[in-house]
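Take this structure first; my questions come after.
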Number of protein chains: 2
Amino acid sequence: MSLKLTILGFNSAVPTAFTHPTSQLLNIAERYFLIDCGEGTQVQLRKAKAKFNRINHVFISHLHGDHVFGLIGLISTLQLLGRDMPFHIHGPKGIEEFIMTQLRLTESTCSFKIIFNELSSKKSVIVFEDDMVEVISIPLNHRVYTNGYLFREKKKARKLNIDAIAEFPEIEICDYQNLKNGKDYTLESGEIIPNNYLTFDEQKSLSYAFCSDTRYKPDIIPLIKEVDLLYHESTFLHELKELAMYTGHTTAKEAGIIAREANVKKLVIGHFSNRYHDYSVLLDEAKQEFPNTILPEILGTIKIKVNS
Amino acid sequence: MSLKLTILGFNSAVPTAFTHPTSQLLNIAERYFLIDCGEGTQVQLRKAKAKFNRINHVFISHLHGDHVFGLIGLISTLQLLGRDMPFHIHGPKGIEEFIMTQLRLTESTCSFKIIFNELSSKKSVIVFEDDMVEVISIPLNHRVYTNGYLFREKKKARKLNIDAIAEFPEIEICDYQNLKNGKDYTLESGEIIPNNYLTFDEQKSLSYAFCSDTRYKPDIIPLIKEVDLLYHESTFLHELKELAMYTGHTTAKEAGIIAREANVKKLVIGHFSNRYHDYSVLLDEAKQEFPNTILPEILGTIKIKVNS
């Protein structure tokens, strides 16, 4: 089992010939989730050779152009590709009007259903869940209503140790679910066989937290505690801390502190101001606080494997 | 004097890794006009090294995504660049709501004024004019309300032939404007000096007609008669004439016929269906009807000079 994050764009503000606004494609528990969708995202998806029709959910952090202006184009393309599966859009209140007004005024007919999940809570809520994965909002502190998202695999069942079970003929198939759930087994003699003798440990559940855009906000730490991968915005160096505060952003040093305090496994920083051309200065600053920090690469994929 | 047309994108429907939806930058009479604005246009403008703040007018043919989805991103970037000059948007009725809804929902503040000129006439109207140039709508026949645009330099004044004028001391400076306007001069003796002895012929006024998207529509021919450059959509080969009619497009053969019948100087075709990878088949078909046809090139500039 693995978690794969493909970076489609990681810059702030305006797209240029060589930089792309925020968008990421997350593959977790065999689901493909699109996170944010700045202008040009559909072209980046093509370059990443993504299968458009495997993307059923998009999660928008906030309604600023560099995170959402590519969404209408993507929807339009899905229509031209003949999509018929529903398409789920999770994002701040207002996103339905934002998209539906554009569809109405361009006289677009949609062959598929768009299901909006508008968020307005200032508390962390479950945004989406199915049998394998859950997505939880991370309330952030930007200039407009903004959420990050925590994606995590649900706790997996323990795997049966068939050889060990075979030693106890009185254990029947109908008992297996209890064993997978972690229960000990009591023999007719009254002897208790500990669950960890009859099963293997469950596979670790992987998790990814996306946090952009936000001021330094340490109260998210309990929510993102020990995630396998954290993406945290680092728009400025700490020497521009006041500008970061004023514009609703975080410094590289602060992103590193968040990662360290949350005891995450790995930090990837992004959403860099266009003033920086050499991102290594941002990387170095974050690493001072949290050594296992990396820079994103355009169309690069970060893979997190169980036990990696 | 010259007219320069830079092709920012010329494909139909969806942007891909290698193709770009419709957008053009026209330089005529020292004005810079943006024509249509599909997703990614601002990046193409950067690649073309265009000066964003010299663009004061954008002309949108119709409200289909491949012609307009890049406009909100461009406006957002103009704002971030600190623009203060007004920005004029000419396009179909609905474009104001289209843009203003997006600005409102993204809580964008605009440091400059956006002036909308919404078109709804089914007849050709003057869309814009100043002392040097005029822009006239070309009503087209697509699936939604659509206009092409005719851009033409205004008729220029004749240039004074100072040596010839010097032969007649009684001609005074206050007479010069009449001479520039083409009037003959009557001497006190009653002798008439023909204007073409006292002035040089006026410089030719250049013109460009943009026609996309449309079904074959020969009634535009009088409007675009003898333009120096015609861009006409050619979405399909003529073997797909019925599909062209159904989807509201023109074939390469039909574009060639329009160019020939309008006696234009040069035709550039575009808006090709993504089914074509080798555009030479479309060029060959158009050339059968109108030999001086060319293919567009991404970021290529077509220059039309006086007497060229």
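Going from the start of the chain as shown, residues are counted 1 onward.
Positions of Cβ are set from backbone N, Cα and C atoms, glycine also.
Below are the features listed in TrEMBL for this protein:
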type	residues	note
BINDING	B:His62, B:His64, B:His142, B:Asp213	Zn(2+) 1 binding site
BINDING	B:Asp66, B:His67, B:Asp213, B:His271	Zn(2+) 2 binding site
ACT_SITE	B:Asp66	active site, proton acceptor
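I'd like to know what surrounds each of these features in this structure.
Secondary structure from DSSP puts B:Asp213 (Zn(2+) 1 binding site) in coil.
The Cβ of B:His271 (Zn(2+) 2 binding site) lies under 8 Å from the Cβ of B:Phe10, B:Asn11, B:Ser12, B:Thr22, B:Ser212, B:Asp213, B:Glu233, B:Ser234, B:Thr235, B:His249, each of which sits 6+ residues away along the same chain.
Reduced to three states, the DSSP call for B:Asp66 (Zn(2+) 2 binding site) is helix.
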Give the distance between the Cα atoms of B:His67 (Zn(2+) 2 binding site) and B:His142 (Zn(2+) 1 binding site), rounded to the nearest whole Å.
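B:His67 (Zn(2+) 2 binding site) to B:His142 (Zn(2+) 1 binding site), Cα-Cα distance: 13 Å.
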According to DSSP, folded down to helix, strand and coil, what is B:His271 (Zn(2+) 2 binding site)?
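It is coil.
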Name, in order along the sequence, the binding-site residues among B:His62, B:His64, B:His271 with a Cβ closer than 8 Å to any chain A Cβ.
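Out of B:His62, B:His64, B:His271, B:His64 lie under 8 Å of chain A.
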So if I draw a 10 Å sphere around the Cβ of B:His67 (Zn(2+) 2 binding site), how many other Cβ atoms end up inside it?
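Counting Cβ neighbours of B:His67 (Zn(2+) 2 binding site) within 10 Å gives 28.
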Let me know how many other Cβ atoms fall within 10 Å of the Cβ of B:Asp213 (Zn(2+) 1 binding site).
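A count of 26.
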To the nearest Å, how far is the Cα of B:Asp66 (Zn(2+) 2 binding site) from the Cα of B:His142 (Zn(2+) 1 binding site)?
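If we compare the Cα positions of B:Asp66 (Zn(2+) 2 binding site) and B:His142 (Zn(2+) 1 binding site), the gap is 14 Å.
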